[in-house]
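**Q** Sharing a structure below in structure tokens format, with a few things to ask.
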Amino acid sequence: MKKILISMIAIVLSITLAACGSNHAAKNHSDSNGTEQVSQDTHSNEYNQTEQKAGTPHSKNQKKLVNVTLDRAIDGDTIKVIYNGKKDTVRYLLVDTPETKKPNSCVQPYGEDASKRNKELVNSGKLQLEFDKGDRRDKYGRLLAYVYVDGKSVQETLLKEGLARVAYVYEPNTKYIDQFRLDEQEAKSDKLSIWSKSGYVTNRGFNGCVK
């Protein structure tokens with residue numbers, strides 16, 4: 001009888017110890033899963049933050065456009081607009097077109113073409129300006145800006161069509177100089193308009209007058 005009692009006590013102790021071990025293992029497994037989940041969540045958040053940063057556009061490519069109202073086109077690279085409630089003259093940044101209205105100067109070849117084309121462009125849609133990092137006005141008080149119609153660069157169009165040359169390049173107002181030079185080279189290679197006459201375009205401007 002005594003042996004039977006001892007055996008029963010031993011069985012009960014074995015069952016109790018087994019149950020405790022099982023609970024301890026389950027707790028460890030649960031803790032392990034919790035730690036793993038936190039680790040995965042942290043990694044996921046870091047990935048998302050990196051992905052968002054990587055997807056943020058570079059500030060250089062961002063345009064801060066200002067809406068203006070056209071008053072009139074003056075020539076190929078100059079217009080008058082209503083800006084901040086007042087009339088202002090805008091001189092196009094980084095380009096030069098043949099003269100048509102410069103005092104004491106003749107009308108130059110393709111000057112009228114550039115003037116006409118510019119007038120068509122600025123009258124064709126929503127007019128906006130973009131300023132660069134440097135001075136917003138030249139020594140004559142004119143606004144210096146990149147000009148857009150319905151989001152498209154007027155300067156680029158004039159350059160691509162051979163009606164303007166890249167000029168007056170002064171840091172830091174050079175945001176689009178690389179693109180403008182590519183546009184100019186494209187027209188030059190195709191010998192469009194101002195590039196169709198050898199020696200007409202120089203580093204100082206244009207040679208010759210309309211006879």
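Glycine is no exception: its Cβ is also placed from the backbone N, Cα and C atoms.
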**Q** Say Swiss-Prot lists Asp96, Thr97 as binding Ca(2+): which of Asp77, Asp88, Asp113 is in the same site, per that record?
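**A** Only hit among Asp77, Asp88, Asp113 in Swiss-Prot's Ca(2+) site, alongside Asp96, Thr97: Asp77.
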**Q** Quick one: among the active-site residues Arg91, Arg142, which has the most Cβ atoms sitting within 10 Å of its own Cβ?
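**A** Comparing the active-site residues Arg91, Arg142, the most crowded Cβ belongs to Arg91.
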**Q** Do me a favour and check the Cα-Cα span between Asp77 (Ca(2+) binding site) and Arg91 (active site); whole Å is fine.
**A** 6
**Q** Run through the Cβ atoms and count how many others sit within 10 Å of the one on Asp77 (Ca(2+) binding site).
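**A** There are 27 such Cβ atoms around Asp77 (Ca(2+) binding site).
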**Q** To the nearest Å, how far is the Cα of Asp96 (Ca(2+) binding site) from the Cα of Arg142 (active site)?
**A** 15
